[in-house]
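As written in TrEMBL, here are the features:
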| type | residues | note |
| --- | --- | --- |
| REGION | 1-42 | region 'Disordered' |
| COMPBIAS | 1-21 | compositional bias 'Low complexity' |
| DOMAIN | 83-198 | domain 'Reverse transcriptase Ty1/copia-type' |
C-alpha cells in the first residue's frame with residue numbers, strides 16, 4: 001500500500017516544545033542490496049559538491065558541448081569519466097522509466113502500482129531499495145547486462161555508515177568512524193564523561209587570546225560534524241563549537257576535548273529505524289532564549305520522528321534577535337514546520 005499523505009491531522013501546543021502530528025498509512029519497504037561496477041572506485045572529496053553537480057545535471061545544465069572545467073569547478077572533484085558514467089547510468093534508468101527525485105537528484109525512483117524501486121547513487125556506488133524482491137532482482141539482471149556490476153549483497157557499510165538489521169528494525173551508526181576519529185586525535189585512552197557538554201556552560205567569543213595554532217581545533221570540529229549524521233545527541237554541541245572556528249581559544253578547545261571524551265564513552269550510539277512502530281510523524285521544537293552572550297541570539301532545535309524512529313534533526317543559531325521568547329518559539333515552530341513540509345513533498 002502506498003503512503004496516503006492526505007490523511008493528516010495536526011495540533012500545536014502552547015508550551016515551549018511545539019508538536020505537530022501527521023498520520024500516514026503504513027507502507028512496507030525492503031532494504032535489498034548494494035551494487036557497484038567492478039572498476040576502480042575513487043570517491044569525490046565532498047558530498048555537497050557532488051549533490052550540486054547532480055542538481056545541475058538533472059536540470060539540463062550540462063551538455064556535450066559545454067566546457068565543464070570553465071562552467072563548473074566540480075571538474076577538480078569529479079573527473080570527466082565520472083560525469084560520463086553518471087550520464088550513461090541515468091540514461092539506462094530513464095529507459096526503465098525511472099525519474100530523479102525533485103528534492104534529491106541522487107535518488108532515482110520508479111513507481112508501478114503499489115510497488116516501488118529506489119536507487120541512491122553516489123558516484124559508482126548504488127543502494128537499491130524495493131518492496132518487491134522479484135522486480136528488484138529483475139532490474140539488477142537488466143542493469144548487469146549493460147554494466148559490469150558487483151552485487152555486494154545486503155547493505156552493511158556505506159560512506160562511513162554501518163547498518164545492522166534485526167527483527168526490530170535497522171540500526172545505523174558510525175562506530176568505526178568514531179573509533180578512527182578518536183585514534184587519529186589521540187583520545188582512545190582518554191577518560192569518559194556521560195554528557196557531551198556541561199548544562200550551564202556559556203562559551204563565547206571573548207577577548208581572551210586565541211590558540212597559537214587553531215588548526216587542531218578546526219580538525220576536531222570538522223571530524224565531529226560528520227559524526228552528527230547519525231548522532232543527534234551531538235548536534236547542539238557541534239553547532240556551538242563550530243561558531244568559533246575563526247578564532248578559537250582555550251575554553252573552546254576544552255569543550256571540544258570533553259565532547260571527544262563523550263564520544264569515547266558512546267562510540268556505537270546511532271539511530272534505530274523501527275520496523276514495528278506506528279507510522280506516525282511527530283515533530284518537537286525548542287530553543288534556548290537569547291543564550292549567546294555576544295549577540296543575544298537564540299539557538300533553535302527540532303527533531304522529527306517517524307513512529308519511534310528519529311528521521312530528521314537540526315540545531316541552528318538564529319540570524320535575528322527576537323523581541324520576546326514568544327516570537328522565538330514561533331521561529332522554532334516555523335523551522336520544524338518547513339522540515340515537515342519538505343519530508344511530505
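A Cβ is built for glycine as well, from the same backbone N, Cα and C atoms used for every other residue.
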> In the domain 'Reverse transcriptase Ty1/copia-type' (83-198), how many residues does DSSP put in helix, strand and coil?
Replying inline: 38 helix, 38 strand, 40 coil
> When the pLDDT values for the domain 'Reverse transcriptase Ty1/copia-type' (83-198) are averaged, what is the result?
Replying inline: 90
